[in-house]
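Peer 1: Questions regarding the structure given below will be posed in turn.
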Protein chains: 2
Amino acid sequence: MALLEPSKYSQGSVLGSVNPDLASERQTASFSVEELTVWLDGSEEHTQKRRAVVEAIESDPVFSRENQYFQSQNERYEAAVRKAVHLQKKMHEMGWTESGPEFKYIYRAVSGDIAFLLHRVFIRSISVLGSDKQIAKWIPLATQHKLIGSYAQTELGHGTYLQGLETTAVFDITTQEFILNTPKISAMKWWPGDMGRSATHTVVFAQLYINGKCYGVHPFIVQIRSLRDHSLCPGITAGDIGPKMNFENVDNGYLMLQNVRIPRENMLNKFCEVQPDGTYVRQGSQKINYFTMTTVRISLISDEVIIPLMKACTIAIRYSVVRRQSKLKPGEQEAKILDYQTQQEKLLPQLAAAYAFHFINDYLQELFNRGYSEIQKKNFNTLPELHAFSSGFKAMVTQYSTSAVQICLQACGGHGYSSLSGLPSLYTRIIASCIYEGENTILLLQTARFLIKCFRAASAGQPVPPSVTYLAAVKPGKCPAKNKLEFLSPDIYTEAYQHMAARLVRSTAAKLQDLIQSGVKKHDAWNQCTVQLAQAAKAHCHYITVKNFAETVEKLKTEAGIQKIMKHLCDLFALHGIFSNAGVFLHDGYVSGAQMDMITASYLDLLAVIRKDAVPLVDAFDFTDKSLNSALGSYDGQVYQRLYEWAQKSPTNKQISPAYERYLKPLLHNTQSKL
Amino acid sequence: MALLEPSKYSQGSVLGSVNPDLASERQTASFSVEELTVWLDGSEEHTQKRRAVVEAIESDPVFSRENQYFQSQNERYEAAVRKAVHLQKKMHEMGWTESGPEFKYIYRAVSGDIAFLLHRVFIRSISVLGSDKQIAKWIPLATQHKLIGSYAQTELGHGTYLQGLETTAVFDITTQEFILNTPKISAMKWWPGDMGRSATHTVVFAQLYINGKCYGVHPFIVQIRSLRDHSLCPGITAGDIGPKMNFENVDNGYLMLQNVRIPRENMLNKFCEVQPDGTYVRQGSQKINYFTMTTVRISLISDEVIIPLMKACTIAIRYSVVRRQSKLKPGEQEAKILDYQTQQEKLLPQLAAAYAFHFINDYLQELFNRGYSEIQKKNFNTLPELHAFSSGFKAMVTQYSTSAVQICLQACGGHGYSSLSGLPSLYTRIIASCIYEGENTILLLQTARFLIKCFRAASAGQPVPPSVTYLAAVKPGKCPAKNKLEFLSPDIYTEAYQHMAARLVRSTAAKLQDLIQSGVKKHDAWNQCTVQLAQAAKAHCHYITVKNFAETVEKLKTEAGIQKIMKHLCDLFALHGIFSNAGVFLHDGYVSGAQMDMITASYLDLLAVIRKDAVPLVDAFDFTDKSLNSALGSYDGQVYQRLYEWAQKSPTNKQISPAYERYLKPLLHNTQSKL
């Protein structure tokens, strides 16, 4: 028993030298970590660019997140504004531009801890919804930061249901202006980012009225603060909505409008216009007004969901080979907790999901790019599929990943609960993705509506998008696999998912039909099926994710080392999904109880296989220590030392609490009656 | 379109007058809310006492939690100490005592937002583990607050696996002292509450060494801070571990010991003693040293899990009848969101679970009281069952309730994510219950070990506790129900749960046996079965919870109004569990696919039935507005008004951020190069 030498612990001597328990994990990788990183990035050039951006940002002390876990909401906001402003300077210095190849790495490099994110949505909404003239006027002002923009859609009383927004914009033909108002408290804009304290302008969504007739929700550019001294403009009441579960860096705000007048030109009018005489002209679908949300929904999947999930996996898996607890065999050293089957079963499916979602994101990006180029040509045919897919996958991926991060947090025990692990902030942030840009259940039901429509169309022999032809093609049957190894065949499990998704869509469509035929009104019938409709939509997205993962692996044939481990991950993702949702596969006998036992056996076998590569698989995500900002997840695995050193910096250790003199001392000295 | 009158919104004129959408829900209750409240409390006298305590606490401004969501960790700690000290005064004033009938309501009344909680564990551990002499010496000092105690068990490197603790206590026969040391960084005590800044004493768990021989972990009373000036005692290093996901009110701490000497009398020695000559004497099981954890585990279920779950249900359900969103039928008013099947399916099963867990808590309390009276007579026979049950139910109830609170939070959309809803803090607090007092997976495996043992014993005809005789008695078979109504029979669904739990225990026991017979070493075989063992343990606890709920309802025959709604909740809890875990019921054909459709139909039907009583069912929990501390959940349902008013009090609205002058202005005025 050596005596404690505290001096050793405070000098940080061991930090940087890799914990042998972590080092050993890296010596046995079955593939090249660097090759996998490059493949994930898309090319060596991408990897280099990404690393250059991260290095430039992280070496600049202005972007430090070192004290983030100790800061108040006010301090976080101030730091976020400082970073956002400094970023402009940095970009200029480095020669980075918004349209350049480095730009997509910046958000990752600052870990989202920055202000003016809604400023970008402001810009995007004008680019998508504005006329050429409006773009020419506003985009330069915005990109040169002569104004700070926001995006004011959500109200106290209305979120995802946009048609219900209550803010009004009345066209005044005499002055050629719109008069904006917040007619009741629930109409107050509530939640828009950058609006509480920063923004000078915002895009307000309001019900358009012309001559007393309502034309529905439209977007209007409104100035809310003076460009001279930042005071609120006449008729504007605005402020911060206060503390939230996370996003302290963002000044989510509220906004009330009282007879705020804006010129006719401030209605974004690429697709809809009010002419000087009050004539309303629409070009194309009104749904295009919500298109900004579709684009945001897709872009958030990578930035706000997959990257945080990858970080959580990195932290939890590295910690799980450093943490030793209890003994697998009596007399031996305590075991690494990742050697326990239960720990593997917690973490490795989440790791597989992180890869699965990385690939589905590529799939969605491609789908989106194809659709967007059509929309720019004013061809709106792809909008329904694009909307259905962006909705369903946003819901499925955010919900799955939120659970996954929660599992990672809990898998690290008490230390995962410490803010210093980085996991609480990853969790409290990712859970918001289930809510913003469309509440998940409502999104799933929109996807379900599309699926039911396509199923009916396909059954009637009408054409449907290729991604959903399977709905009417799948026939009753039984899974042909005869032993546990056959369940490692992508054909076998992809077909099982396809069968299951088609069955859920079909049986729910039948229930809907039955209810309507039995006299239930259409809308009641729909409501009575929504639990099952949401389940069917999720099943469809799960199926497409498995299928896309399998196809991605298939294409990897030339890179044998990586393909092998990706195949294992694909198998794990698929079998985990069957194991965890056994009921929907067993229900009609497509999979038998005996086959479910084979699936379970294969699934559990895979855990032990992938466990060997677990650390290399998270190393390949290539997060720096600064980016993880975690005492548990650093590359060197010196978790206990780092927890101890970081705790020293806490404000709770920086002062003797006044609580002693005021309350504790009188209590202990029994003089409290004097209080 | 009336113009906005902001003055109306800032005067709070509508607060207190009940929102008609909430008021109407209370007019159609199928039972007496007051009667249900009394029944939940146990008697009218209990209800009166509880209300008196709550009233006394809430009317005292010292206990206010009004600004809680705006406070820093330092402010929260200081407030918690102030409240804890003031509580002593209050108790004296009110004539409340620790052993009096009011005491159990105090924690509820202060919503756990108080310091010195570990002081109570310190007292309890001495009461349980200390000799009469030690009790006589320390308990008066502690109860009179001449010292502040803590409980130092967990270390940086070891949590639930107590045998692995690394702190050492070496007996020095020459001075009749124990010498305590922290031999390495991972041995540092880490997490104990009240230890970072408050405690003067603590019970340290350390490996006892006598003459170089290790006798395992024992508890020692150690003074860590001066009673005179609160400075750290010689050889002590201690501080706060920094920010966590919640529990800002608690100063979770770290502690290092360097040659700290304490007298021989400071080892708690009711069950084990070191005699002056170094002879080690044990009376009874060493496991009794961990008994404090068993008692804490049971008591936390009510205070830290069920009450927060009830609060979350209250907030989410009240909000869901105030929030109107989208239309169920075209042309109608927007619908209350609780009228959507998907919202019902989110919230009502959680409400049913809150009731189910309230009743299982009564069951556990009774089991515990019986066991504890035996232990006091030094009869340790009931320890294994008590340990297995406290472990399994702690794991099952905390995990279920954590998910439930998360569902409540997400079901409130964006406003649920605002701290002002109260839901984020309920969530970030309840999730800790999955980790502290034993990590859930490890606890489930301890329960599983007990179940496997009992299954083998019962199969061999040996006696086992009545709660587990079913394990060997259940035979293969099929569920006899023929239509959806028959699934509302408690006999039918309780038997389905019993069958399922027994099957999981049996099949896992068989797998374990097979592996061992095929030559796999016992410990490896165990590890390879742990995923399924944990599942089996959860299934057992789920079964007992359903059975206990059904029996509780059965006993209610004399109170028809309450029995009817409780029966619905019991049915819902049971059928929701089958619907959500369909795989384990379908697996061996006990329930067929067609029967699962009947179960689903009955389950969905129940939602619409219980929805009518949803608000009365949460009103019956009888939380005051101050106790809920939620802008969404108040009795009057004025959610938008309250969100707006509370946001005004946020520190983010109390100052003009320096960020404007420093960063925003130079940016907007294009003078940032001067930065």
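Each Cβ is built from the backbone N, Cα and C atoms, and glycine gets one as well.
According to TrEMBL, the protein has these features:
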DOMAIN    B:32-148  domain 'Acyl-coenzyme A oxidase N-terminal'
BINDING   B:Thr154, B:Gly193  FAD binding site
DOMAIN    B:290-452  domain 'Acyl-CoA oxidase C-alpha1'
ACT_SITE  B:Glu437  active site, proton acceptor
DOMAIN    B:490-668  domain 'Acyl-CoA oxidase C-terminal'
Peer 1: Calculate the distance in Å between the alpha carbons (Cα) of B:Glu437 (active site, proton acceptor) and B:Thr154 (FAD binding site), and round it to a whole number.
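Peer 2: Here the two Cα atoms are 10 Å apart.
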Peer 1: Per DSSP, what is the helix/strand/coil residue tally across the domain 'Acyl-coenzyme A oxidase N-terminal' (B:32-148)?
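Peer 2: So the counts come to 84 helix, 0 strand, 33 coil.
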Peer 1: Validating a neighbour-count step here. Other CB atoms within 10 A of the CB of B:Thr154 (FAD binding site): how many?
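Peer 2: For B:Thr154 (FAD binding site), the 10 Å Cβ neighbour count is 20.
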Peer 1: Looking at the recorded positions B:Thr154, B:Gly193, B:Glu437, which ones have a CB within reach of chain A, meaning under 8 Å Cβ to CB?
Peer 2: B:Thr154
Peer 1: Who sits close to B:Gly193 (FAD binding site): which same-chain residues at least 6 apart have their Cβ under 8 Å from its Cβ?
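Peer 2: Within the chain, B:Gly193 (FAD binding site) has Cβ neighbours under 8 Å at B:Leu117, B:Leu118, B:Ser150, B:Tyr151, B:Phe247, B:Val250, B:Asp251, B:Asn252, B:Gly253.
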Peer 1: For a quick check of packing: other C-beta atoms within 10 Å of the C-beta of the residue listed as 'active site, proton acceptor', how many?
Peer 2: 27
Peer 1: Over the domain 'Acyl-CoA oxidase C-alpha1' (B:290-452), what does the predicted model average in pLDDT?
Peer 2: 93
